[in-house]
Amino acid sequence: MQKPSGLKPPGRGGKHSSPVGRPSIGSASSSVVASASGSKEGSPLHKQASGPSSAGATTTVSEKPGPKAAEVGDDFLGDFVVGERVWVNGVKPGVVQYLGETQFAPGQWAGVVLDDPVGKNDGAVGGLRYFECPALQGIFTRPSKLTRQPAAEGSGSDGHSVESLTAQNLSLHSGTATPPLTGRVIPLRESVLNSSVKTGNESGSNLSDSGSVKRGDKDLHLGDRVLVGGTKTGVVRYVGETDFAKGEWCGVELDEPLGKNDGAVAGTRYFQCPPKFGLFAPIHKVIRIGFPSTSPAKAKKTKRMAMGVSALTHSPSSSSISSVSSVASSVGGRPSRSGLLTETSSRYARKISGTTALQEALKEKQQHIEQLLAERDLERAEVAKATSHICEVEKEIALLKAQHEQYVAEAEEKLQRARLLVENVRKEKVDLSNQLEEERRKVEDLQFRVEEESITKGDLETQTQLEHARIGELEQSLLLEKAQAERLLRELADNRLTTVAEKSRVLQLEEELSLRRGEIEELQHCLLQSGPPPADHPEAAETLRLRERLLSASKEHQRDSTLLQDKYEHMLKTYQTEVDKLRAANEKYAQEVADLKAKVQQATTENMGLMDNWKSKLDSLASDHQKSLEDLKATLNSGPGAQQKEIGELKALVEGIKMEHQLELGNLQAKHDLETAMHGKEKEGLRQKLQEAQEELAGLQQHWRAQLEEQAAAPAELQEAQDQCRDAQLRVQELEGLDVEYRGQAQAIEFLKEQISLAEKKMLDYEMLQRAEAQSRQEAERLREKLLVAENRLQAVESLCSAQHSHVIESNDLSEEKIRMKETVEGLQDKLNKRDKEVAALTSQMDMLRAQVSALENKCKSGEKKIDSLLKEKRRLEAELEAVSRKTHDASGQLVHISQELLRKERSLNELRVLLLEANRHSPGPERDLSREVHKAEWRIKEQKLKDDIRGLREKLTGLDKEKSLSEQKRYSLIDPASAPELLRLQHQLVSTEGCLRDALDQAQQVERLVEALRGCSDRTQTISNSGSANGIHQPDKAHKQEDKH
């Protein structure tokens, strides 16, 4: 008894549908579907059975534009415009503000202003601004990651399958008679055949050539067409080990000049190709390319299958099922392609010539007719047998119907469970993909932060170099100031010695001055008693002329001294301004040192914050990976024993990774503790140094206070010397204060050097952290690979749970995996290009910095040369100043000698005066006259000697005036702010010598007056003595001769 659709009962229909013998899983499912098609069209089993064919067709159509989309790449701007509303990765809304190329990475980029502050910048990257926006709202991304609509749940392959199922259900509900039934059954049978062919003989499938990377890697041969890095195609020219790196490498000759060599690396040639066409890559990064038209046998099989399907479409409705079974029997053991291969082979089949198509159709019809005749004979035998068992069959029909209904209910229940299981697995897959995307975003953020830290590291290095240069300049200035302070201290000691000598000289001069004043008073008293000399006397005129000359010389000297004092005051003011400038520079250097301390402290705090941030990120990554692995474990708990074993391996791997992370964290914590201990020791050492410096400063202050007290207790007679000493002490105190400040600055500079060295150590630790982060990133990539493997295995579980949906899901997963792999490869290529650009920029910056350092070194050398020349000039001027001071000392010695001569003359004059008074008292009249004559002659001789002495003194005075003028001229030309105390001392000495000269001239004038008075007395006494005896005259003459002899 046949069904209304022409099918036989389920018990025997499958026996003739496959002549291969034991049916495969695909054939069994086809028999079930064939038996189920006889039921109602709206039953759930019929919907589920007819769904995959339409889903497979839909997937084949949807997969056609995939390669075109992959060829576009991330650099394709599309039709986006500035100001357009977009979504980044489907989740972050914003507005496009920039489209085009950038300097931080090659290719096309899109700058987007996000609605929320979840970005990375404010429109500027690497110091170059591309657009304006608030902070943390700007982001740069590839145009391929922009969409005009937000991403929705359940998109992708699931949506395609659901839409195909819905369309198939609608077509089933709206179908009519046998021709629509034929249109429904043929695609179903074709998909079942494809599934059975794939499960029976996987080696003939095209998916096995390009879907499994690991199998393709092992089958690489010379001459194969391959894909390198997801973007570069070429031909294999070398496979094996190399000298430049360990492991298996593949040498590829590219189609375009995008390579790096000509087949030779480091002097060793592996193959021959044009320059820039050769490329070496690890084997796991090379994918062999397979095309459907490369194998003639496969093409022939495809043509046969296409002819069979076209013949089925033209066969009558009554024999459609048997023709499907005949096609299955002829193709059951042959490999077939699904999806794109079936559609491509059907297109090729249409282009076959008419004669060949008709011959093959005729052969297929003959085989069909023979098979139908055999089936008719078998059916007749079965009907004969069935007539004898009609009663038994009628009794069993009700039981079979009940069993069939029960089987249908159980099948629907199982199918519902399978659907729920597939839905849960899909949801978990979406969650895992979201977690993976989130991890990728985190890794991108970390990479961007690492790049920013590298930029800030370069800025810090340049800043440290500048600070080192400043520290060197400060040290040089400190050395110069120390040398100047030592020289001033030596000058102060010399000044003290000179002040002691001057003090003794002043005491001697005061004693001599007191003696001379007494003698002058006596002489004045005698002159007043003797009366004034006549006005027409030549000696009086000479004395007046000498007095006028002396007054003019004193006025001229006063004028010169005022000019010299003005110049000295001017030089003192300039020196004071220079001291103020030095103080201002010192304060500036102190401020710079404080700023450097603050910067170093800030850098240390930032480094500590970065270390804590890296630790927290590593902990979060470890926890996220643990969660993802636990989720995978929960999803795969219901799998077979092999999957449980793999989950255990994954768990052991995760435990090993956790142990590695814990060890890294322990190492980082130990480093941190060690650094804190070192910081504490450095702080204690700096505190001790500061305390020692404070104690030394207190001792210096006490020492200088004691010296000031001693100098304040000096007598009032040395007021000028005290003023000079006080000025010198003030200057020395200022210099010592500057010395103390410079010592503090030197200590601060040492502290800054230590801090800079610590910062460099911390930068090295930071680089080690970066390396650890890179290792953790590699571990994350390994975990992602494991995750991808787990996803593939999950897909295998899905295929086991639902064999009907396995091909569609697997093809979708493969296409998504290909796209994902291409995106990751392109992202890695972009990152590599970005790193290359960053390396080039850093090298250019290093060259610029080296040029600046060389220029600064040249400037420093020229400055040192200038300083040496100035020091030589200064030494020469100091030598000339010392020579002038020696000459002044010699002049002062001559003055002392002159004063001694004057004293000797005055003493001889006093002796003569005493002798004259005694002679006047004791001698009587004529003898007194004779003695007076004798004394008159003696006085004339002594007067002549005194005139000669006065003339010699005048000549010496003129010579001293000339020397004084010359020394003043030299002093005007060689004056220096550092020799100000010596200049003051010489000025005071010059004034004192001028006073001594004035006193000597006054004494000479008084002596001349006294001589004139004695001459007048002798003239008056000459008139009194008119006569005298010859003996008396002869005796005085003899006495005079004897005196002359003596």
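Quick reminder: no glycine exception, Cβ is built from N, Cα and C everywhere.
When Ser18, Ser923 are looked up in Swiss-Prot, the one carrying the note phosphoserine is Ser923; the rest have no such note there, which does not rule it out for them.
In Swiss-Prot, the feature phosphoserine is assigned, of Ser17, Ser203, to Ser203; the remaining candidates carry no such note in the record. The phosphoserine entry in Swiss-Prot, when matched to the candidates Ser62, Ser157, Ser208, corresponds to Ser208. When DSSP labels each residue, the domain 'CAP-Gly 1' (100-142) comes out as 0 helix, 18 strand, 25 coil, counted as helix, strand and coil in that order.
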